[in-house]
Amino acid sequence: MNSTLTSKQSSAAFQLKGGIYTLTTLELHSSCLSSLSQQLKAMSEKAPHFFQQTPVVLALEKLPAAIDAHTLTAIAGRLRESGMILVAIRSSEQYKLSADRAGVAWLPSQKARPEKNVVMMKQSEQPIPVESHESAQPSQKNETVSEPMPGASASETRIIEQPVRSGQQVYAPGDLIVLSQVSPGAELLAGGHIHVYGPLRGRALAGVKGNPKARIFCHRFEAELISISGQYKLTCKTEQSSWSRHWGKSVLIKLAADHLHISRL
Amino acid sequence: MARIIVVTSGKGGVGKTTTSASFATGLAMKGHRTVVIDFDVGLRNLDLIMGCERRVVYDLINVINGEAALHQALIKDKHTENLSVLPASQTRDKEALTREGIQAVFDELAKDYEYIICDSPAGIEHGALMALYFADEAIITTNPEVSSVRDSDRILGILQSKSRRAEQNLDPVKEHLLLTRYNPTRVEMGDMLNVEDVQEILAIPLLAVVPESKDVLKASNHGVPVIHQQATDAGQAYNDMVARFLGAELPHRFINAPKKGFFQKVFGSRA
Ligand SMILES: Nc1ncnc2c1ncn2[C@@H]1O[C@H](COP(=O)(O)OP(=O)(O)O)[C@@H](O)[C@H]1O
Ligand SMILES: [Mg+2]
């Protein structure tokens with residue numbers, strides 16, 4: 001055989017592509033199955049569809065004691081029941097084999113990461129800290145308007161002039177400025193602030209790399225989800241909270257004492 | 001240079017094929033050499049609406065696969081000069097639609113035609129992506145309901161990111177909103193979104209509003225695009241659409257519910 005297989009070959013069955021995804025990390029603080037179930041149930045009552053088909057990384061570093069493979073399987077089962085899809089286990093090497101047996105990826109612990117880079121994604125009253133971080137994965141990303149430019153500096157600002165439509169995702173390592181509208185089902189992600197000079201009807205996640213000082217400014221607040229530095233809130237017009245008063249208005253959203261605050265601009 | 005125009009929506013059953021047939025016919029009636037292509041491989045119903053189903057011998061896939069020459073597959077319309085139909089195959093697999101194949105067909109059509117109208121299948125899968133890939137302009141066919149508007153929004157995102165113009169950093173695909181199956185009475189009752197609601201969400205220029213009308217189905221059953229029936233509201237709406245597309249400035253019609261009838265005017269409403 002003297003044929004070489006290169007990715008340039010026109011008959012190649014696939015192509016590997018890098019993509020940046022926001023993944024939810026479930027950081028386990030206790031191996032007690034019943035309290036896990038209880039908390040998951042409480043969460044899905046609040047936001048019934050939030051975890052449907054959500055890829056989740058299970059982080060084990062914060063567990064007070066090691067758990068056995070049997071318990072791990074049971075935990076994975078509970079996550080699945082609540083609609084999440086376990087894609088990886090993040091832990092010390094000791095769980096590497098378990099991850100392999102469970103058919104999911106293994107990621108090394110991130111203990112070494114400075115606290116500043118860790119994004120805690122938790123709903124104000126929720127005791128499960130769910131963490132969100134980006135990870136590069138070799139797979140194809142859908143309809144991304146703008147991917148981080150190779151070699152772009154972390155503080156780079158992006159300006160998007162066209163509408164961001166349903167199914168699109170825009171990421172900026174620094175601030176993200178959208179001059180048009182953001183449709184329901186669209187997602188904005190920024191390491192820094194997010195400014196939207198049109199109606200914000202989709203999701204906006206600012207400070208995704210763990211910047212609690214990031215803010216979200218929008219000309220017309222009609223968002224589906226707001227998140228700053230991992231603290232998130234599902235929003236809707238009819239929601240019974242002080243937030244619904246600001247629906248359709250020009251607002252500023254910031255994080256103070258681990259809570260999201262909204263105010264009129 | 002021929003203009004390639006895709007009639008698309010995301011959602012099925014919104015009126016893409018109906019629109020493709022009348023729009024292509026209207027352009028041809030104004031003297032523009034036009035071809036309308038059915039990209040709905042596997043379903044094939046443009047030829048029915050155009051009334052040429054009995055004359056289908058070869059189809060788009062045959063041409064792409066080199067099993068027939070383009071001129072053998074093109075069907076000259078019987079009612080309208082300057083108009084041809086390139087039918088889809090009912091039997092073959094959609095995967096036979098390839099970019100290279102379509103490009104070759106378009107290059108050849110561009111020598112003879114001013115407008116190439118692509119009737120897209122529903123969805124955002126291969127067939128729909130192939131139908132929109134080469135588009136210069138897009139007719140976003142939308143019904144006044146939330147699910148249809150959401151799907152149109154999605155298609156607009158795909159046009160922005162996955163079309164040839166997007167990939168090659170050319171001027172973006174020109175977008176037109178066609179709001180169809182519009183029923184002003186139901187809109188006024190609050191059952192359906194109104195024109196402003198839809199425009200607010202999609203934020204693209206409105207080309208025309210086509211009312212919901214029984215004449216559309218009647219015309220389809222006779223294999224005559226409804227634009228031929230100028231006595232009907234839907235026929236007139238498509239006529240306006242074509243005129244505006246070609247640059248005429250006409251006020252929008254068929255947006256308001258019918259006014260009170262003669263007897264109600266004379267005797268007053270006793271409701
Ligand atoms: N303006 C209209 N009024 C009433 N019925 C319509 C109208 N436009 C389309 N229809 C009907 O809706 C159905 C779907 O139309 P079609 O053009 O085949 O949609 P698509 O190609 O988007 O699937 C057909 O039965 C058609 O007769
Ligand atoms: Mg159709």
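Yeah, the Cβs are placed from backbone N, Cα and C, and that goes for glycine too.
Any TrEMBL annotation is an automated prediction that lacks curation.
According to TrEMBL, the feature domain 'AAA' maps to B:3-168.
According to TrEMBL, the ATP binding site annotation covers B:Lys11, B:Gly12, B:Gly13, B:Val14, B:Gly15, B:Lys16, B:Thr17, B:Thr18. Taking Cβ-Cβ distances under 8 Å and a sequence gap of 6 or more within the same chain, the neighbours of B:Val14 (ATP binding site) are B:Thr141, B:Thr142, B:Asn143, B:Ser148, B:Thr180, B:Arg181.
Taking the mean position of the Cβ atoms of B:Lys11, B:Gly12, B:Gly13, B:Val14, B:Gly15, B:Lys16, B:Thr17, B:Thr18 as the ATP site, the remaining residues of that chain whose Cβ falls within 8 Å of it are B:Ser9, B:Thr19, B:Ala122, B:Thr141. Of the listed binding-site residues, namely B:Lys11, B:Lys16, the sparsest CB environment within 10 A is found at B:Lys11.
Within the set of binding-site residues B:Lys11, B:Gly12, B:Val14, B:Lys16, B:Thr18, B:Lys16 have a CB atom less than 6 Å from some atom of ligand 2. B:Gly13 (ATP binding site) carries neither a helix nor a strand DSSP state and counts as coil. In this structure, the binding-site residues B:Gly13, B:Gly15 were compared by how many other Cβ atoms lie within 10 Å of their Cβ, and the smallest count belongs to B:Gly13.
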